[in-house]
Every structure is written in C-alpha cells, then in structure tokens.
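Per Swiss-Prot, these features apply:
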BINDING   Ser45, Lys64, His93, Lys96  heme b binding site
BINDING   His61  O2 binding site
DOMAIN    2-146  domain 'Globin'
MOD_RES   Tyr30  nitrated tyrosine
MOD_RES   Ser45  phosphoserine
MOD_RES   Tyr134  nitrated tyrosine
Amino acid sequence: MGFTAQQDALVGSSYEAFKQNLPSNSVLFYTLILEKAPAAKDMFSFLKASGPTHSPQLQAHAEKVFGLTRDAAAQLLAKGEVTLADASLGAVHVQKAVADPHFAVVKEALLKTVQAAVGDKWSEELSTAWGVAYDGLAAAIKKAMS
C-alpha cells in the first residue's frame, strides 16, 4: 500500500502545529538527539559551542529537517518515492560521517517532537505517517551518499 492522502494530511497539519512553537520544538528536537547520541553534537556546527538552547541556527535547521520530511510525504503521495531537491545533502551527510544509526536517532527525536507539538492529537496513524515520510527522506539521503 502506498502513502495515502490521509497520511499526507496528517503530516501537513502536524507540521503546522510544529511550526507554531518552532523555538521550543527545535530545542526539544536537538535535546532528544543529544540525549540518545551525545557525540552527535560535533556533527552540527551550531551545537559545538553551546547546547541546543543557545544556538541561533538551530531553529532554521530543525525547520529544514521537518520541512524536508513534510515534502517527502507530499512526494510519496504524488509519485511513490522521494527525490532530493538539494543534491548536496548526500555530500554533507558523508562529510559529517553520518551512519545508519544516526538516522534512527533522528527519526525517534522527530516522532517525539511531533508528539509533543500535537499533544492529545497524537495517534498511531500520525506516528506511522511521519515515520514513513522520514524513512523515505532518509532513503533518498542515503542513496545520495553512495
């Protein structure tokens, strides 16, 4: 079964909820990543000098990650696969030595952040929709890395 219009709508509406409190949700996202993988701090230039609460670039990067996942959902609905609009994403991930386990950490942090953003609207269907969209994005990035 392919990605459905309902899944796309779930990702879209919850992405808007995420953006409504971008500062707090961005800090939460990177805090969750660093709790699971403290060494990942060195992969993000904007986290090297300080933690997630003191980084001016943190919001922009979090919005990009969530926006790319939102775009991945739309692509999965439209054509059943994800292609990267920014071809440099693969090279950047290679340069930062990103490996498979890092994608799993980011996915978990992404799902927990969406859950916090939507509150009682969280559901298994919403989790699945974001998970499938993120997996599509991750697969496209991994393909660009090789």
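Cβ coordinates are placed from backbone N, Cα and C, and glycine is handled just like the others.
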The correct DSSP tally for the domain 'Globin' (2-146) reads 117 helix, 0 strand, 28 coil
When you measure from the Cβ of Tyr134 (nitrated tyrosine), how many other Cβ atoms are you left with inside 10 Å? 25
Separation of alpha carbons, Lys64 (heme b binding site) and Tyr134 (nitrated tyrosine) (Å): 13
In chain order, residues whose C-beta lies under 8 angstroms from the C-beta of His61 (O2 binding site), counting only those at least six residues away in the same chain, are Ser26, Phe44, Phe46
Can you give me the residues near the recorded heme b site, meaning same chain, not Ser45, Lys64, His93, Lys96 themselves, Cβ no more than 8 Å from the center of the site's Cβ atoms? Met43, Phe44, His61, Val92, Val98
Mean pLDDT over the domain 'Globin' (2-146): what is the value? 90
How big is the heme b site in terms of the longest C-alpha to C-alpha distance among Ser45, Lys64, His93, Lys96, in angstrom? 17
C-alpha spacing of Tyr30 (nitrated tyrosine) relative to Ser45 (heme b binding site), in angstrom: 13
